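In what follows, a single structure is set out as structure tokens and then discussed.
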Amino acid sequence: MKTIIALSYIFCLAFAQDLPGNDNSTATLCLGHHAVPNGTLVKTITNDQIEVTNATELVQSSSTGKICDNPHRILDGINCTLIDALLGDPHCDGFQNEKWDLFVERSKAFSNCYPYDVPDYASLRSLVASSGTLEFINEGFNWTGVTQNGGSSACKRGPDNGFFSRLNWLYKSGSTYPVQNVTMPNNDNSDKLYIWGVHHPNTDKEQTDLYVQASGKVTVSTKRSQQTIIPNVGSRPWVRGLSSRVSIYWTIVKPGDILVINSNGNLIAPRGYFKMRTGKSSIMRSDAPIGTCSSECITPNGSIPNDKPFQNVNKITYGACPKYVKQNTLKLATGMRNVPEKQTRGIFGAIAGFIENGWEGMIDGWYGFRHQNSEGTGQAADLKSTQTAIDQINGKLNRVIEKTNEKFHQIEKEFSEVEGRIQDLEKYVEDTKIDLWSYNAELLVALENQHTIDLTDSEMNKLFEKTRRQLRENAEDMGNGCFKIYHKCDNACIGSIRNGTYDHDVYRDEALNNRFQIKGVELKSGYKDWILWISFAISCFLLCVVLLGFIMWACQKGNIRCNICI
């Protein structure tokens, strides 16, 4: 009895070899695209989150933590502000005649000379910073009847009382202070920057002790401008043991113009002029250390790479820098739509095309073919369609960078207290610009991502249509990205389809003949193999049960006798 059941099972297996799908006279060819187990989510115009095989981050969100000393010339202010270095504070003498691309002011900087103020501090600081030099030329001003080179215990230069090295403090000689009237023409071809000041004594006694007159006056003129300053005598908060002050002013003399200085007291006179240069130099407040490295873009947080189009490290930048945006991340799709491969393809390992899912492990191309024929299964990439897609995507990042990177610096903007409304307006304008750029950046990236996904989908469809045109009536579109080929197609035949040399006329008669031999009922469901095999297995099982029942009935009736020998 067991022998009969075993023979029945062997018969079923033998019969199974003739089921559809195991016919050596047909083959299956599927087209598909690359996929990865875990893709990257990006935003497009039509979808906030769509998964792609690869994406590049466009927002630089961190700095190196140090300011690179190359290719820009960095001048570290250390303990000196730019204005202190300009005036010649004793502890800033090392900055005389220095040059820079970027002057870095530190929070620890301090003044260590006569207390002063600059009524237009921000403008002077910006003017000198953009000039990029502290180159100073001494001139021989003719001050008559007065004592020069005044000093103070608040401004020690070594053990001696001193003063700002670029300024000349004039006071009475004996008991007189004659009116000073000095001219200095500009016969050069460049602008000259003159720094001068007015002394405001603490008391009337200090005023007359230094300048004789109870009230002094200083007038500085050129052909284009005139400034008249009257000292304000009075007590002020004590700084470094002094209650008096010096106010610093500045005048630019154009080529061919002339500087005229008139004063009857309280004049802090210039010793010469600073050369004015035009350029892209600037100043930045930062406590980041100076490091030996190379970076085109500098922020107060430190240098950052400029290989991305956007950054959210700091609004203040110097050099060729990414555009500042509010977003922490913006991802640019550099791969195709990702549809991870299903882990199981049925109990007989059926293959599927791009309409169902992508293919993982296809590392030699983005698009390719899988086949199943009498020689087994195989896979190969289609390099031409892959290269077409890559060529169009390559350079996308560089084009975005070219559109957005600033080839100039975004300097700090400062205003005096009386210009508070202007400062508020400027801040509003800057914030609006940032909001606008942030929106534009998100829109630009979404458009590029949409284009990339549409492009890669289009290349897949082009390859599928190219294959369909080759096969014509020799194959049937299975609806899942695969073709059922109705003739024997070995590996060489599959290769000819891939490389475009397939001749459908050679196989036409065989394919048509096989088409007409289709069994009576052909299931179109994607689960037809499952249903066929389950139905066949049940049929075999029932056949065995019936046969076993017949044998047992015959034995019971005596029609069949079973002898068991030991």
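Cβ atoms here come from the backbone N, Cα and C positions, even for glycine.
Taken from Swiss-Prot as is:
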type: TOPO_DOM; residues: 17-530; note: topological domain 'Extracellular'
type: CARBOHYD; residues: Asn24; note: N-linked glycosylation site
type: CARBOHYD; residues: Asn38; note: N-linked glycosylation site
type: CARBOHYD; residues: Asn54; note: N-linked glycosylation site
type: DISULFID; residues: Cys68-Cys293; note: disulfide bond
type: CARBOHYD; residues: Asn79; note: N-linked glycosylation site
type: DISULFID; residues: Cys80-Cys92; note: disulfide bond
type: DISULFID; residues: Cys113-Cys155; note: disulfide bond
type: CARBOHYD; residues: Asn142; note: N-linked glycosylation site
type: CARBOHYD; residues: Asn181; note: N-linked glycosylation site
type: DISULFID; residues: Cys297-Cys321; note: disulfide bond
type: CARBOHYD; residues: Asn301; note: N-linked glycosylation site
type: DISULFID; residues: Cys489-Cys493; note: disulfide bond
type: CARBOHYD; residues: Asn499; note: N-linked glycosylation site
type: TRANSMEM; residues: 531-551; note: transmembrane segment
type: TOPO_DOM; residues: 552-566; note: topological domain 'Cytoplasmic'
type: LIPID; residues: Cys555; note: S-palmitoyl cysteine
type: LIPID; residues: Cys562; note: S-palmitoyl cysteine
type: LIPID; residues: Cys565; note: S-palmitoyl cysteine
Averaged pLDDT score, the topological domain 'Cytoplasmic' (552-566): 65
Winner by Cβ contact number (other Cβ atoms within 10 Å) across the disulfide-bonded residues Cys80, Cys92, Cys493: Cys92
Inter-residue C-alpha distance, Cys293 (disulfide bond) and Cys493 (disulfide bond) (nearest angstrom): 58
Pairwise CA distance, Cys92 (disulfide bond) versus Asn301 (N-linked glycosylation site), rounded so that it is a whole Å: 25
For the glycosylation sites Asn142, Asn181, the one whose C-beta sees the most other C-beta atoms within 10 angstroms: Asn181
Integer Cα-Cα distance in angstrom, Asn301 (N-linked glycosylation site) to Cys68 (disulfide bond): 11
Candidate recorded positions Cys80, Asn142, Cys297, pick with smallest Cα gap to Asn54 (N-linked glycosylation site): Cys297
Cys489 (disulfide bond) and Cys68 (disulfide bond), Cα-Cα, nearest whole angstrom: 64
Rounded distance in angstrom between the Cα atoms of Asn181 (N-linked glycosylation site) and Asn142 (N-linked glycosylation site): 9
Least Cβ-crowded entry, counting other Cβ within 10 Å, from the glycosylation sites listed as Asn54, Asn79, Asn499: Asn499
Cα proximity to Cys493 (disulfide bond), best match among recorded positions Asn38, Cys155, Cys297, Asn499, Cys555: Asn499
Same-chain residues at least 6 apart in sequence whose Cβ lies under 8 Å from Cys113 (disulfide bond): Asp84, Leu87, Asp89, Pro90, Ser152, Ala154, Cys155, Gly162, Phe163, Phe164
